[in-house]
Amino acid sequence: MEGYMEKAVITFDNTQRTFHLRNETISYLMSIEEGEILSHLYFGKRVTGYHGSRHYPRYERGLSPNLAGRPGEVDRFYSKDVLPQEFAGNQTGDFRSPAIIIKSADGALATDFRYDSYEIFSGKPELEGLPQTYVKQDDEAQTLAIKLKDKTLKASVVLYYTIYADRSVITRSTRVFNESEYSFSIEKVASLQLDMPKQAMEVISFPGSQFHERQVERAPLRQGITEFSSRRGASSHHMNPFVVAVDPNTTEQTGEAIGVQLVYSGNHQFTFEKDYIDQVRLVTGINEDGFSWQLAPEKSFQSPEAILVYSDKGLNGMSQTYHHLLRERVARGNHQYQDRPIVINNWEATYFDFSAKKIEAILDEAAPLGIEMFVLDDGWFGQRDDDRRSLGDWYEYTSKLASGGGLRGLAEKVHAKNMAFGLWFEPEMISENSDLYRQHPDYAIHIPNRPMSLSRDQYVLDFSRPEVVENIYEQMTAILDRVPIDYIKWDMNRHMTEVYSTVLNSEQQGEVAHRYILGVYDLVDRLAKRYPDILFEGCSSGGGRFDAGMLYYFPQTWTSDSTDAAERIRIQYGTTFGYPVSSMTAHVAAVPNPQTQRITSLETRGDVASSGVFGYELDVQQMSAEEKELVKQQVAFYKEHRHLIQYGDFYRLKDPFLSNEAAWEFVSPNGNDVLVYHFRLLASSQQNFTITKLVGLIPEGIYVDQETGEKFSGDELMNIGRYDDPTQAGDFTAQVRTYFLED
Ligand code: DGJ
């Protein structure tokens, strides 16, 4: 790689007082305005130089206050209320959503941070205790740290901007310092603020629910505030911590898109505000609702990181930038680039009702099919016969697996079949009916004297307390040191209520939810470091914590508790906007589907699941010989194409939210291998002829259809396209085509 000196450059123009961050694809520009206000000029396609074209017009506006602190020289043509800024204060002349609110000792809530100094350095500073993007060598990126000060508060903030040399990415975060003699309370601190001039704009968000994660919604902004957020203590199924601002004409393959994603797994907030002259502000970070942080003198607070991506190649261009970044510079560890094993998981086959005999029977059937890993799901610990008990008791339920030699015996049997062994945990939770709760009822998050809300009959452990985290660490390592475990499914099945910690003082209760997430990060970090060979998979009642934060520790996540192929088409389609396919696990389930009772063919189920990190979640014993034969073929197909699927370039081609079809494509980085999936959703008695056009091929290359031997040029497949097979019968059918480039 060439050094940043040639590719990523950050400069400060002393005459214009502007900062310019640029690489070969993007530019980010800021300026220091009158009164040392740091203003935002531009984020978008790279420009070679800046000569003042975005200088903000001066214009007198009623009811928009002028700059404070300049008695005798008030400029009525200048107001922070409309000026695009980088880090807006509160109650000091800008009525839009602020980036920071601090409550000082006297109870005032005003903030007004002005430019102080800057530093430019190569590489990227590490954010302690938080997930983050990283660099492997310092010349991959350059960082600009801009210091702003609020002289009245005696506080400063440092805004970090890192630009990667070879990616259309800028990462941002904020650190707040208390330089006064008194403690103050941070009531809100943004990871990123992005002000944008008046322009036609729509926003894409990813709302959902359990079984319906990351549905794609696209809508124009209206004046006022539009917010996408979570107050659940988790990033949540309900609103993924990721938004995209697009031009109304932007499509999957063309047009401009700006993505903003938080590297964080807790409460989040994305506030869009369209102001009274149609300018747009986006502020994102930890959700201010319920948050506050006591900052003692000389202490600092680091916000989570936000990833800003620009694309002028449509939504697919943006997604690919995220896919590469998250795969290459967020995910870590021994499994980061490893082909992920094909799993069989017993959850939907047995639920809690299993014995050594039952599990061994599943294994005996699964191993000859070529499946590579067995995962024992919920129910192996404490007295866990149902979901009303034993969370927190991470020791073996000896009688359940006794006849097979317990967990260790089972792990050895799995290994003897040349398969890997995986185990389910839900470390952050506690059941009322558990030894842990009987010994330490105070470990559950609760407010003394207030009734506690149950959810799935369980409580959340107070992970803001290091000793609680330590207890779970000790219990888990006792199992992991004794049983040869290759994989952990890390589940989390309820959200936070009665948010309070009995060991924090009354001023600190607003810290609990964030401290909890820091506790989770601490535990997973320690476990991942102690057991570097274990493959971790995140899960939260399906894909309720599918975020870049968890990806820093766990390279893959269970995408959804809906294993229905029809629903999965949309869920997986939506997930790929922000997250790489290597992180998205997908299993073939039995029919009628346990969640929807829908019947889809085994072919379709295989095609949907093989578009992610593949596996099965059913009782193989119930399958006919014919079905098992098909499973064998699916497994063999997946092994042949797995590297392309997990690590190739992924393109969305047809949108199942907008049409009766879905299509996506995997292309190897050199353009040689291509895999195309086309799904028809509902059948029709008068079937349309549909055409799928490919993207990302070598235009003049000759591509051979692996199945039929037919040959097509790359530009023919991209510009003319081929008809999809209209003859398939029934709803939710799939067609897969593979091509290779002729020598
Ligand atoms: C929720 C997960 O998403 C499921 O896959 C399964 O592991 C259950 N929890 C077990 O309780």
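Positions of Cβ are set from backbone N, Cα and C atoms, glycine also.
The Cβ neighbour count for Asp491 (active site, nucleophile), using a 10 Å radius and every protein chain shown, is 23. Residues or ranges marked as active site, nucleophile by TrEMBL: Asp491.
If you take the C-beta of Asp561 (active site, proton donor) and look for same-chain residues 6 or more apart in sequence within under 8 angstroms, you find Gln210, Phe211, Ser541, Gly542, Gln595. The feature active site, proton donor is assigned by TrEMBL to Asp561.
What TrEMBL lists as domain 'Glycosyl hydrolase family 36 N-terminal' is 38-296.
According to TrEMBL, the domain 'Glycosyl hydrolase family 36 C-terminal' annotation covers 661-736.
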Take the domain 'Glycosyl hydrolase family 36 C-terminal' (661-736) and count its residues per DSSP category (helix H/G/I, strand E/B, coil), listing them in that order. 7 helix, 30 strand, 39 coil
Predicted model, mean pLDDT over the domain 'Glycosyl hydrolase family 36 N-terminal' (38-296): 97
